[in-house]
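Record features, source Swiss-Prot:
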type	residues	note
ACT_SITE	139	active site
ACT_SITE	160	active site
ACT_SITE	178	active site, proton acceptor
ACT_SITE	244	active site
BINDING	154, 155, 156, 157, 158, 159, 160, 161	ATP binding site
BINDING	161, 203	Mg(2+) binding site
REGION	265-270	region 'Important for the catalytic mechanism of dephosphorylation'
């Protein structure tokens, strides 16, 4: 599932000035890639990425000013296709009247920004990548624990929401409960958020639906968070081997990314919120270069080696 973006959305997000063709603001934008139509101004249209936002900077405008008006109008008309979303001019540069005429005829919006071309390009690309990123929904709870986005998964009734409530009481922040919308902003980033209709809400069996922001304040929630680790809760299986040292690192795949995963068995008497809290701290410590399990194994091997040499 992908979210649609219109030229109007881009205009409002970046506070762009509309030069012409207001009725074309509902044109869809289908890609985050931008085009700098320098070669097109010379007449090269063998490859013209017509579905991209066309960005004009100082180079393109300066080059076009050296062209004859008739040729300039011809080139701009060639750029105006049914799939072209919009033309964007940077640096508050003067918009060529031929571009305005061609855009009006094709009902393509012409927008202008005061930003420099490179910075404007970055802002547009980042915004479109965020909005056009592929999205999936996962059953689980997303909590911000010590700055880490922890996605808690598990079968229905295993205690995910109750654990999240305890984590909120311990000072952490709820992002989403029950249904987590996950979008892949780039090859290394997964962002989780809540559907608008259930944002800030927790469903607790026997208690019902509670509003976390109303009960605990604005500091207890956040709208989105990068997913760093997955904690999977499952009912204790006496026949299953669970990691007791921490040397093995499980992974789970979301989109095409491998996310670190910790499986926590659930049974009466285990304080899941504390376990997950410590798991987040331990994961952060590993990223800082210290692994308690590896250090223990190394110390144990050194001790065994020392005792063996003493016995020889």
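The first residue you see is number 1, and the count goes up from there.
The backbone N, Cα and C atoms fix where each Cβ goes, glycine too.
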Candidates 139, 160: member of the active-site residues with the richest Cβ shell (10 Å): 160
Secondary structure of residue 156 (ATP binding site) (DSSP, helix/strand/coil): coil
Residue among recorded positions 154, 155, 157, 160, 178 with Cα closest to the Cα of residue 139 (active site): 178
Distance, residue 203 (Mg(2+) binding site) to residue 158 (ATP binding site) (CA atoms, angstrom): 13
Residue 157 (ATP binding site) and residue 203 (Mg(2+) binding site), Cα-Cα, nearest whole angstrom: 11
Sparsest Cβ surroundings (other CB atoms within 10 Å) among the recorded positions 178, 203: 203
Candidate with the highest Cβ count within 10 Å, taken from the binding-site residues 154, 157, 159: 154
Neighbour tally for residue 158 (ATP binding site), based on other Cβ positions within 10 Å of its Cβ: 18
Residue 156 (ATP binding site), number of other Cβ atoms within 10 Å: 8
